[in-house]
Each structure stands twice: as structure tokens, then as C-alpha cells.
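K.L.:
Structure below; questions to follow.
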Amino acid sequence: MSAPIISPSEARTGFIYGLLAFAMWGFGPVYFKAVSSISPMEVLAHRVIWSVVLLVLLITWQRQWRDLGRLLKDFRRVSWLLVTALLVAANWLTFISAVSQGEIVASSLGYFIIPLFSVLLGVLFFSERLRPLQMIAILLAICGVANQVITLGELPIIALTLAVTFGLYGLIRKKIAVDPLLGLGVETLLLSPFAFGYLSWLDGQGGLGFGSISITMDLLLVLGGLVTTLPLVCFAAAANRLSLTTIGILHYLAPSITFLLAIYLYNEPFGSYQLITFGFIWTALAIFSWEGWLNQRKVVPAFQGV
């Protein structure tokens, strides 16, 4: 079996889509800061509901209703998608709360950790073997987390929650192999009754932000669907045109942008203990990326002429 051949023009197109996807994810805090006067739970509920609306339009445009129907009849995969829906809801809520509380640096740390945590999950659930440099990278990441525990006397809860929920989400999605858009469509559809229920309850309590602050705020909340789905559409287009190595490197763009926003736009504190923690993580990621590149060079020739 030969590796798929991708033309240079397709690769360039994929790279542009990848840059757009990860840049949009990286600039996510700008949007969530703009709606931070609304409670994180309400922002989450709107994000779910307006994502469903937009995904219905996208599925219609791509004529995937038949595929969606087949997916909904698959009880096993829908059951797993309920689990991933809860994981992504927890991930979104944690990130929204972190931004509104001025913990954007902590959220960027979580997304830096994700690739390393995903490798660890591969070892635990897929019996994948750690290569020596991967082991060193993971140990360095553990040292980074340990430094924060020793310095502050507490775990970096926000970072670990983001890494664990997203890592497990990716693991299950890999296991059930569902189209990204259809999968997100089912996940948000499963979450929508809870979202509608929460908004109805909040309205009954007189605490609903939507419709009570300004038209601008209402429009921003509606845009939550676009903020959620547009990066995913770009990512799906990139993933079909780029190697996993390139996608892996582009992944670091999002937390890097988020980190820079936290420091230079929102003036979040960044002390010496955080510098040490991030130093461990960044060193681990440098080793991890280099090891992945070296391993890719060894694997590619094996496909040539097969």
C-alpha cells in the first residue's frame, strides 16, 4: 500500500487551511473575552445551540443527510458520541471560564500539553510503545506540572482539565472514526436539550443575558456557532491535504497565539515559576516534535516502491 500522493498546490492549500484553523482557535480568547459579561454556562449553551443551526446548514449544503441518518442508526457510535459530547462540553466550559476569570495563560498551558497527553493515552489504550525521546519529553512535561504543584501547592486544574478532556475526546473520536462535521453535529444535537433547558430555566430566574444587554451582545452570542464550526471546517480541509507531522507542528500555533494574547493584550501575570513550568513544557514539545520528524523520515522510505 502506498502513501497518498499530494500535489504541491494541494499541500499549499492545505497549509493555508491549517493556518486559518489554528489561528482562529488561537484567537478564540478575543471572542470569549467579548462575551465575558455573560455567565460561562449561558455562553456554552448558546455555543451549542447556534452550532447546531450552522451545522444543519453545512450538512444540507454538503448533502450529508443520508450519511447522518446512517450514523444516527448506529447505536454504538451514537453512544460514544454522547460521551464525547460531554467531554467537549466540559472542555468548552473550562476554556470559557478560564478566559472570563483571566486565566488564559493556564488555558494555553493545557493546549500545549495535549500532544504529550495524547501519546500517553496511546500507550495506555492502544498498547503503543514509547520511543526513548518520547519518554524523555513526557517526563519533562511531568516535571513542569510538578514544579507548579511544588510552588503553588496545587495542581494546574485548568490546564489538566483541558488536556484530559481534549485528549480523551480525540482518543474516542479516533476509535469510532466519524466524519468531523457529522460527529460535531451529533454531539451538539445531543447537548442541545440540556442547552435549551438551561436557557429556559435561566430565563425563568430573570438571569438570561441574551436579549437583555444589547443587540451587539446578542449577535456575538449567535456568532458562537461560527466560532465553533468554521475552524473545524478549515481543519478538516487541511487534514485531507497535509501530513500528520505538519498538522502536529501547526497544532502549536493555537496555544502560542493564546499565550501571547494573555501576556501582551490582556496583561496576565507571568511569574518565574510559570516560566519554569512553560520551559519544561516547551523543551518537551521541542524534543517531541524533533523525534516525530526523525521517525517520519524513517517511515516514509518504507512506503517507496511498495
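The backbone N, Cα and C atoms fix where each Cβ goes, glycine too.
According to TrEMBL, the protein carries these features:
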| type | residues | note |
| --- | --- | --- |
| DOMAIN | 13-146 | domain 'EamA' |
| DOMAIN | 157-289 | domain 'EamA' |
| TRANSMEM | 12-32 | transmembrane segment |
| TRANSMEM | 44-61 | transmembrane segment |
| TRANSMEM | 81-99 | transmembrane segment |
| TRANSMEM | 105-126 | transmembrane segment |
| TRANSMEM | 133-150 | transmembrane segment |
| TRANSMEM | 156-172 | transmembrane segment |
| TRANSMEM | 181-201 | transmembrane segment |
| TRANSMEM | 213-237 | transmembrane segment |
| TRANSMEM | 249-266 | transmembrane segment |
| TRANSMEM | 272-290 | transmembrane segment |
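Let's see these features in context: how buried, what's close, how far.
P.N.:
Beyond the ends of the transmembrane segment (12-32), by six or more residues, the same chain brings 6, 43, 95-96, 99-100, 104, 107, 220, 223-224, 227, 230-232, 234-235, 237-242, 246-247, 250-251, 253-258, 261-262, 265-266 to within a C-beta distance below 8 angstroms of the stretch.
Within the chain, the transmembrane segment (44-61) has long-range Cβ neighbours (under 8 A, six or more residues past its boundaries) at 68, 89, 92-93, 96, 181-182, 184-185, 188-189, 191-192, 194-196, 198-199, 210, 221-229, 233.
Within its own chain, the transmembrane segment (105-126) has Cβ neighbours under 8 Å at 29, 94-95, 98-99, 134, 137-138, 141, 145, 156, 158-164, 166-168, 170-171, 248, 251-252, 254-256, 258-259, 262-263, 268-270, 274, 277-278, 281-282, 284-285, 288, counting only residues six or more beyond its boundaries.
A Cβ distance under 8 Å defines the sequence-distant neighbours of the transmembrane segment (133-150), meaning residues of its chain 6+ beyond its ends; these are 113, 116, 119-120, 156, 159-160, 273-274, 276-281, 283-285, 287-288, 290-291, 294.
Beyond the ends of the transmembrane segment (181-201), by six or more residues, the same chain brings 41-42, 44-46, 48-49, 51-52, 55-56, 58-59, 62, 64, 67-68, 71-72, 78, 81-82, 84-85, 88-89, 173, 208, 210, 228-229, 232-233, 236 to within a C-beta distance below 8 angstroms of the stretch.
Residues 13-14, 17-18, 20-22, 24-25, 28, 31, 34-35, 37-38, 43, 46-47, 49-55, 58, 180-181, 184 of the same chain lie 6 or more positions beyond the ends of the transmembrane segment (213-237) yet place their CB under 8 Å from a CB of it.
Within the chain carrying the transmembrane segment (272-290), a Cβ under 8 angstroms from the stretch's Cβ atoms is held by residues 105, 109, 112-113, 115-116, 119, 133-134, 136-138, 140-141, 143-145, 147-148, 151-152, 156, 248-249, 252, 259, all 6 or more beyond its ends.
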K.L.:
Can you tell me the mean pLDDT for the domain 'EamA' (157-289)?
P.N.:
88
